[in-house]
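Features as listed in TrEMBL:
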type: REPEAT; residues: 53-87; note: repeat 'WD'
type: REPEAT; residues: 206-241; note: repeat 'WD'
């Protein structure tokens with residue numbers, strides 16, 4: 001059973017699109033259609049606003065925290081076609097980089113596992129995704145065009161720990177960089193970075209959805225041989241894609257068909273519980289049983305957006 005621990009009055013003037021806790025769970029970042037990003041200090045059930053960032057010129061869709069080994073860094077993406085990277089300097093947050101090389105809304109972003117470095121991937125409605133890499137106080141960018149026809153809605157990184165290496169080390173010594181994307185073409189695509197050419201190559205196209213793929217999430221690895229990806233779609237379905245690490249084949253299994261469009265899927269830190277949220281204003285938690293069946297642990301109504309849209 002899921003219970004509400006506390007409500008956060010964010011002070012946003014319009015609908016909230018994303019809310020993310022940092023690595024330590026002591027800070028909360030939110031973003032909204034009011035074009036702002038807000039950061040709160042969280043202590044117990046109390047929250048204190050410490051930053052109100054207003055550099056975007058359109059609704060802000062997502063925020064993402066970088067690993068703390070690189071400092072206090074937050075990224076945001078917006079309908080204004082921009083990605084902004086923010087960093088805390090002392091007790092003041094400032095914009096340290098702006099990426100504006102997309103031709104349409106930037107819908108999603110995700111930091112790479114810290115083992116790869118300070119690297120950010122972002123997906124755009126122009127059908128492409130970009131990878132931004134921090135090197136020697138500058139940011140280098142690589143744009144992968146025509147990744148999805150019509151638009152690219154979501155992006156997620158594969159874990160840096162190689163499947164099958166329970167001690168946390170890769171069999172080959174270095175973990176291969178992989179990204180999964182979801183698009184308006186109904187495809188889920190897996191991309192691999194070729195270190196020899198410096199290019200991102202489409203490794204696999206997974207077909208199973210019948211409408212826009214709204215979100216994708218690669219499950220964290222705990223050293224088991226298999227890899228798991230979750231995807232959700234406008235077709236109201238969530239699909240679990242599993243690669244056993246032996247055959248190399250990704251097998252789809254439909255988690256459920258829901259009553260409304262599913263917007264987001266998110267894994268727990270250990271990769272064994274999946275959170276699903278959709279247009280019915282509910283969040284459900286799912287776990288795989290010992291028999292390999294996915295069962296619903298809880299189903300919690302979030303409240304109607306018309307009256308609660310500014311409160312998390």
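Each position is counted from 1, following the chain as shown.
Here the Cβ of each residue, glycine as well, is placed from N, Cα and C on the backbone.
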Integer mean pLDDT for the repeat 'WD' (53-87):
97
Would you kindly list the residues that approach the repeat 'WD' (206-241) from elsewhere in its chain, counting only those six or more residues past its ends and only Cβ-Cβ distances under 8 Å?
108, 153-159, 161-168, 178, 180-184, 186-190, 250-271, 274, 276, 278, 294
Counting by DSSP, what is the helix, strand and coil composition of the repeat 'WD' (53-87)?
3 helix, 18 strand, 14 coil
Structural state census, the repeat 'WD' (206-241) (DSSP three-state):
0 helix, 20 strand, 16 coil
